[in-house]
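**Student:** Per TrEMBL, the features are:
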BINDING   13, 18, 21, 43  [2Fe-2S] cluster 1 binding site
BINDING   83, 86, 118, 120  [2Fe-2S] cluster 2 binding site
DOMAIN    189-374  domain 'FAD-binding PCMH-type'
BINDING   217, 218, 219, 220, 221, 222, 223, 224, 320, 382  FAD binding site
BINDING   731, 762, 876, 1043  Mo-molybdopterin binding site
BINDING   878  substrate binding site
ACT_SITE  1225  active site, proton acceptor
C-alpha cells in the first residue's frame, strides 16, 4: 500500500486527552448543503469512519517547502513552541476554528484550545500568538499595546487569511466527495475480526440492528475507542449511523427542540447558542443549563466527535449532560424495525431499569429537549479536578416547578453524577418535599434527605468520599439560592433580595481571557545589529515545530526489516517470579521472539538497576520489586502484534510483603542511602532563647513528568563490526551509549547515539531511556533486525516514576517579632525501589531547604526511603520544590502564631548582604532583595492586599487570597565533573558553519543559543550557522543536559572552539581586514589552516564534603520573587488564578524570549505540582493515574488572567558566559505563590467561620483539600458517621 509518511501529527496519549494528534475533518452536510470543518483526535478515529470525509493534517496547512500559513508563522514568531511536540496539534485546533470563523472572539480561541495540552510553554505565548486573529485585539508585545508584527505585516496576514479561505476551500474538500455523499450508498468495511457498516437510511439501520442486536452504534468513537489497545476487546459488527439524515435533524417544535442523536456535542452547543436568543427567556432555562455544561465538557476535539446519542446511551457516571437532560424531562425518540416509540430520559432509564430502557433492537433517533416554563427553575453544576477538559468528580442537574405565582413545590428533580456507576436520582427525597415552601427549613430537610438517600460508602470507588458527599449538599444549597434569587427577580415585592453573603454563593468561578506582560533589558545601543546575543531570537526549530517538519524519534521513517517491541511488566509490587510461560505469545501471528534477561550478552543494566527482571528459569532466583518493572519484551512485525503477544505471556508469582509509603519505610527502617545531615549554630541554645516553639508536618505528593513525547528509541544494527545506531529521546546520550555497550558486551565506540531533539523531558529522560535503549538493543542483537520501542502513555507513566513524594517534620523556635531563632527539620522522600537519583535529590533538599532565609541555628536531616514503587527520578527543580514549600510552610506557621503579616515575617528572616549558607558557601543577597522589592512594587502588593481584605469582608462563600514568595535558587551540581562540556565547530569552504556540542535540545532552546554564541564569536550572521544533531560520534562523553546549566556549559565549549578558529584566522584577517568572511575562509584553506576545532569547558569548580558539612556546593545562586492572587469558591473548592507577577534575576539574558518562556513554563508546571497534579496508587502498589483522563496537568484554563514577568535589570554574573544565568528550573518553585495565595483565601474563610488558623494544607492543594479546609455547616453534615441501612 502507498504510504505518504506524514509525521506532523503526533501520537501523545492514545485516549484523546492531549490534543497532539489533532487533525481537521471536513464533511459534507447534505441537509444544510454545506461543508463542515471540525478538529478531531486522530488517535480515536477509525479509518472506516473517514469515508467521504477530507482529512487535513498540519502538512496541509503550510510547510517550509511550500508556504507557511500565518497560523504557523505567528506561533513561531511569538515563541509559542519549546519542545514542539504539541505544536502541530495547537496549529490544527486554531486552523479548524478559523475555517469556521474568520474573525473569532478570544473566547472562541481559548475554547478551541481546551483539548490541547502543553507541558513546556505555560500557554501564554500560544494565546498571545493567536490573539491577532481575534476580532478584539492582538498580542500587545511587551505590554506596549503594539503588536510584535508591524501594521503592514498584520495587513498581509488578514489578506492572506481571506485569500486562503477563498482559494483553498475546494482543496480541503474536493468536489468528488460531495458527489459521493449525494449518492448515499451503504458502506461496508471488513477486517479479520470486525465488519464496519455505515448505512445511508434509517430503514437500513433498523434492519441491521434487528439482525445484529449486540452491535454498538459508533459515531465519534470517543467511548469505544478508549479500548482500542486491548487486543481481546472487539465487536464482530459495528454500525456507523452518521450518514442518516433523521439522526442529524434539528428542529424547533411546539414542545421544544429536537436534536438528532448523531449530532455532535459541538453542534448541540452551536445550536443552543443560536437558538436561545430567539426564544423567550422563560423557555430557555434548560438550554442555558446545558450550554453551561457544554462549555467545560471535554475539549473541542471530543466535543466535535462525541454524539448526543452516544453521551446519553453510554450513561457514564461523570457524563455532565445526562443529569440536566433527565431533570428537564427530556424525551428519547426511539425506532426499531417494529416501529417507533418514546421514553423519558429519566433516572430509571439512566439506571438501566428494564421497563424504562432501550430494547436491543432499538436505536435513539433523536432527543426532544422541552421548553421550560415561567415557574420552573433548572440549574446544572459540576466540579472536576480541572475547570475544563476533565471528568466531573460530581455533577448535578436540579429542577423545581412551583405552583404559579408561589414558592410551593409542585415537582422537584435532583440528580447527581459521579456518585455511583451511573447518574443517581434523589427521587424519594424529592417526593417528600412536594408541597413544601421554598425556605430555609425546606433546605435543611432536603440536605438531610439527600445525604440519606444518595449513599456513598467509605470504601467507594474513586475515593474522596467526604468531599463528594459535601458537593451533594453544596450544589443543593447553591441551587436553593439561585431559585430564591430568581423568585426575587420575578416577584421583587413578594420575595426578598438575597443578602450580600448569600449572593456570593451564586455563580461558578470562570477564568477570563489571559493577558501577559514581559519586560526585559534591551541590548546595548552600541551592540552590532548583526550580533544576536541578548536579542529575542526565534527558536531555531520554531517554524518546523509549527509545520510538523521537526522530526522526533517516532517520526523517523520505518527502516527495512524493522520490528516493533512491547514490554511485559510486573503486576506485583513485591514478589518472587516462579515461572514465565512465553509459549502462547510465540503463537501470535507476527511475533518474532520474546526477549528476556538470558538474552543479554553482557551486563543487565547497571550496578543499581536491571533492564530485565530475572527469574529462576532464565538465570537465578530473583524478585520483582515494583509494579511496572520490566520482565521481558515481545518483538513482532507490527506494534499491534507485539502488544497482543505481550498480553499472552504468563507469569507466576509468589507474593512478598511490599513497602509502599514513607510511613511504611520509616517503620521498617527501609532507606536507600545513609542519612544526610547539616547543622549550623547551636540548635539547643537557639530553642532556649526563643519566645515560642511550634511543631508540624507537611506531606507532598509526587508528580508525573508528562512530557508530550513518551520514551522512544530506534535501534538499527549495522552490517559490520557489530556496530549499532541508537536514535533515542534522552537527556544523557553518554549513559545510553555506555549501558547499551555494556549490555551487548561491546566497546562504546561501536555504539552511535543520535538525538536531534526531545519532545519534553524535565529530568525524566536522564536515567530511564538508557534501560529502554538496552532492551531494544538486546532485541535487535537477538533478531539481527532494527527495533523500534516507543512507550504508550500509560506504560510510560507506569514504568518511569516521577518527582519524589515528600514528608517533612519541623520544630521551629521564634521570637514575638517573627525572627526565627532555631529550626530542626526532618525530611523524607519516597525514592521507590532503586537508587536512581534519590541520593542526590535528598542531598539537594538538605542543602536548599533554607531557601531565602537565614536561620541562625539550624539542623536538617534527610532520608531517602526505599519502597516497592517504581523508582522516582530527577524532575525540574530537583528537590527544591519540595524543600522550598516545606520552609515556606514553616514561615506561614510562625506568621500565624505571631499574628504578623506573612510578608513581614519573610522579610525579617531573609538573608541580607554578603552571607554564608549552612554549608558555609559565601553569597551576596543583594539581588534577592532587589527582586523582592521590585516584585512588591510591580505587583502593587500592599494596595491589592487591602482590596483582597475588602472583598473578603463582603463575600462569605467566595474568598480571595494573595501571597508573595522570595527565592534563592542554587544552579548546577555539587561536583565539578558534572559541568564539563565539549563542542565541535566546522567551517566549510563556502563559509558556512556547522556547530555540534554535547547538549541536547529539550525545548529549552539550547541549540538556538549556541547559534547566537557562534554568531557573536565568529562575527557572522546566524544564517551562516547550522546545527545538525547531538551525537556521540561528534562530541563524546557529554554530561546530561540538566540542572539549568546545560546551555551555559556547552556555550563555553562552543565559545572555546569558535575563539580557537577566530585566532587561527588572525593572520588572514590582518592581511585583508576589509575582506569578506568567505574570502578569509577560502584563503585560510589555501594556507592549510585547519577550519575545524574542538572546544572544551572543564566545568565550574564545585564540591560538597558531607563529612565536614562544608563545601562550595553550587556555582552560583539565582534570585527571584513571585506574587500571586487567587479566588476560591468555598462551596466547591474551585479556584482561579487572577494574577501573577514574577521578577527574576536572569542577569544578562542571552535570549530573553527563550528565558521568559522557560520561567513561565516552569511556573505553570509548578502550579500543577502544588495545586492540581495528584498521583494515586492502589493498596497493592499499582499506579492508577496513567493517562490524561485520570492525571491532570495544567491546561489553558489554569494560567493567570494576568501574567507578568520581569527580568531584573542591571544584574550581572561573573561566573557564566556573557554574565548570563540558567533559568530553566528556577521559575518552578515560584508556582508555590499560588499555593500560599490559596492558603491565604482559605484562612480568610476559616477566620470568618471562627475556625483555628494554625491549620496545615498538604500539597497538591486540590479542589477536595480546599473545600474541606473551608469547614462549614455542609462539611459538618457529612462528617457524621455513615448512615447504616
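Heads up, the Cβ atoms here are built off N, Cα and C, so glycines get one too.
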**Student:** Taking the mean position of the Cβ atoms of 731, 762, 876, 1043 as the Mo-molybdopterin site, which residues outside that list, in the same chain, have a Cβ no more than 8 Å away, listed in sequence order?
**Tutor:** 761, 763, 764, 766, 874, 875, 878, 1002, 1041, 1042, 1224, 1225
**Student:** Around residue 731 (Mo-molybdopterin binding site), how many other C-beta atoms are within 10 angstroms of its C-beta?
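**Tutor:** Neighbour count, Cβ to Cβ under the 10 Å cut-off: 26.
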**Student:** Do you see any of the recorded positions 21, 731, 878, 1225 whose C-alpha is within 10 Å of residue 86 ([2Fe-2S] cluster 2 binding site), and which ones?
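**Tutor:** Taking 21, 731, 878, 1225 one by one, the ones whose Cα falls within 10 Å of residue 86 ([2Fe-2S] cluster 2 binding site) are 21.
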**Student:** Between C-alpha atoms, which of these binding-site residues comes nearest to residue 731 (Mo-molybdopterin binding site): 18, 43, 118, 217, 223?
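**Tutor:** Sorting the binding-site residues by distance from residue 731 (Mo-molybdopterin binding site), the top entry is 118.
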**Student:** Could you measure between residue 878 (substrate binding site) and residue 21 ([2Fe-2S] cluster 1 binding site) for me? Cα positions, answer in whole angstrom.
**Tutor:** 31
**Student:** Select the closest residue to residue 118 ([2Fe-2S] cluster 2 binding site) from the following recorded positions, measuring between CA atoms: 21, 217, 223, 1225.
**Tutor:** 21
**Student:** List the Cα distance (Å, whole number) between residue 13 ([2Fe-2S] cluster 1 binding site) and residue 223 (FAD binding site).
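**Tutor:** Each residue's Cα considered, residue 13 ([2Fe-2S] cluster 1 binding site) and residue 223 (FAD binding site) end up 15 Å apart.
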**Student:** What does the structure give for the C-alpha distance between residue 120 ([2Fe-2S] cluster 2 binding site) and residue 221 (FAD binding site)? Integer Å is fine.
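**Tutor:** About 29 Å separates the two Cα atoms.
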**Student:** In sequence order, which same-chain residues at least six apart have a C-beta under 8 angstroms from residue 43 ([2Fe-2S] cluster 1 binding site)?
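**Tutor:** Non-local contacts for residue 43 ([2Fe-2S] cluster 1 binding site): 11, 12, 13, 14, 15, 16, 21, 225.
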**Student:** Tell me which of the recorded positions 18, 83, 762, 876, 1225 ends up closest to residue 219 (FAD binding site) in space, Cα to Cα.
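**Tutor:** Comparing Cα positions, the candidate nearest residue 219 (FAD binding site) turns out to be 18.
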**Student:** Pop the Cα-Cα gap between residue 876 (Mo-molybdopterin binding site) and residue 1225 (active site, proton acceptor) into the table, whole Å please.
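**Tutor:** About 6 Å separate the Cα atoms of these two residues.
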**Student:** Looking only at 21, 118, 217, which of these binding-site residues has the biggest number of Cβ atoms within 10 Å around its Cβ?
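**Tutor:** Of 21, 118, 217, the one with the most crowded Cβ is 118.
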**Student:** For the C-alpha pair, I'd like the distance in angstrom between residue 217 (FAD binding site) and residue 18 ([2Fe-2S] cluster 1 binding site), rounded off.
**Tutor:** 25
**Student:** Between residue 876 (Mo-molybdopterin binding site) and residue 221 (FAD binding site), find the distance joining the two CA atoms and give it rounded to the nearest Å.
**Tutor:** 36
**Student:** To which of the binding-site residues 13, 18, 83, 86, 219 does the lowest count of other Cβ atoms within 10 Å belong?
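**Tutor:** So among 13, 18, 83, 86, 219, the binding-site residues given, the one with the fewest Cβ atoms within 10 Å is 219.
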**Student:** Cα-Cα, whole number of Å: residue 320 (FAD binding site) versus residue 18 ([2Fe-2S] cluster 1 binding site)?
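**Tutor:** Distance (Cα to Cα, whole Å): 20 Å.
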**Student:** Please give the FAD site's span as the largest CA-CA distance among 217, 218, 219, 220, 221, 222, 223, 224, 320, 382, to the nearest whole angstrom.
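**Tutor:** The span, Cα to Cα at its widest, is 28 Å.
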**Student:** Measuring Cα to Cα, tell me the gap between residue 83 ([2Fe-2S] cluster 2 binding site) and residue 221 (FAD binding site) in whole angstrom.
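**Tutor:** Cα of residue 83 ([2Fe-2S] cluster 2 binding site) to Cα of residue 221 (FAD binding site) measures 30 Å after rounding.
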